[in-house]
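Undergrad: So that we are looking at the same thing, I have put the structure below in structure tokens.
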Amino acid sequence: MTSAAAPPAPVGDPPRRRGRPIGEWGLAGLLLLPNLALLVIFTYRPLLDNVRLSFTSWNISAPVAHYIGTANYVHWWHDPNSHEVLRNTVIFTVATVGVSMVLGLALAMLLDQKLRGRNIVRSVLFAPFVISGAAVGLAFQFVFDPNFGLVRDLGHRVGITVPDFYQQPHWALFMVTVTYIWKNLGYTFVIYLAALQGRRADLDEAAEIDGASPWRRFTKVLLPQLRPTTYFLSITVLLNSVQVFDIVNVMTRGGPQGYGTATMVYQVYKETFVNNQAGYGATIATIMFVFLLVITLVQVRLMDKGRQS
């Protein structure tokens, strides 16, 4: 008795060879590639071009830039105008950063309480931050106008002699500083308010039960919790303050008396587009970049130490 042979199994397509999976890091790199390309093209390449131009003498209307080595840097170091501009930048930055952060924290602590109408006040305080700096500068031109401004009118009502803010350099710098603080105070206020609403209230309650004074609770309980926020604000507010241009350009155009209110950013603009010295303007921009890089690295280092402690 013979058994029938089983029919041969059907032959299918050979199994496909799968490629090596790219993994999570490969996928992340692929997704980041467009942003990295834009960052290189529009940030790092112009930065390197700026450094290269800082070693040249280039009239912006001329087709060719001539290499002159470090002559622009030597000129900046010995230029009295650069010293005045650097002083203005330091004074303006220290004043705006310090006052904005102190007032922002004070207002945030006040409006963190259960007060009637606090949401309206919060909106009013934050509103100037979203307004154009040029528009704010135009508005405050009338506030500080020496002939019919609001400050002049208030001074006359209380019997105070109001200085001419547009003719005296130190008062002009004060005017620009006040205007900038008014515009950007809402930023520090909102960030601090968010940090206060996320803090641990039980720590403050425990300190109060233990008999700690309000000042001790503020310095020993609240401020340590706000330390990361303070470090973050110190970096962002400083970078924004150093780069101010619109308010200075609208209100004083860097004057009076030459460079009375000019900051380094405004000097870059003036040397490049007014005096047509693009090489020298690139030099000032490079020096400012180095200053900001060093300050930012120091702040980040301090922030890391604060987190570790």
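Keep in mind that glycine also has a Cβ here, set from the backbone N, Cα and C atoms.
So TrEMBL has the following annotated:
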type: TRANSMEM; residues: 25-44; note: transmembrane segment
type: DOMAIN; residues: 86-299; note: domain 'ABC transmembrane type-1'
type: TRANSMEM; residues: 90-111; note: transmembrane segment
type: TRANSMEM; residues: 123-144; note: transmembrane segment
type: TRANSMEM; residues: 171-195; note: transmembrane segment
type: TRANSMEM; residues: 278-300; note: transmembrane segment
Undergrad: Please give the sequence-distant neighbours of the transmembrane segment (90-111): residues at least 6 beyond its ends with Cβ less than 8 Å from one of its Cβ atoms.
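TA: Counting only partners 6 or more residues beyond its ends, the transmembrane segment (90-111) has Cβ contacts under 8 Å with 118, 121-122, 125, 173, 176-177, 180-181, 184-185, 187-193, 195-196, 226, 230, 233-234, 237-238, 241-242, 244, 263.
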Undergrad: How about long-range neighbours of the transmembrane segment (278-300): same chain, 6 or more residues beyond its ends, C-beta under 8 Å?
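TA: Non-local partners: 47, 50-51, 53-60, 65, 68, 72-73, 75-76, 82, 231, 234-235, 238-239, 242, 264-265, 267-269, 271-272.
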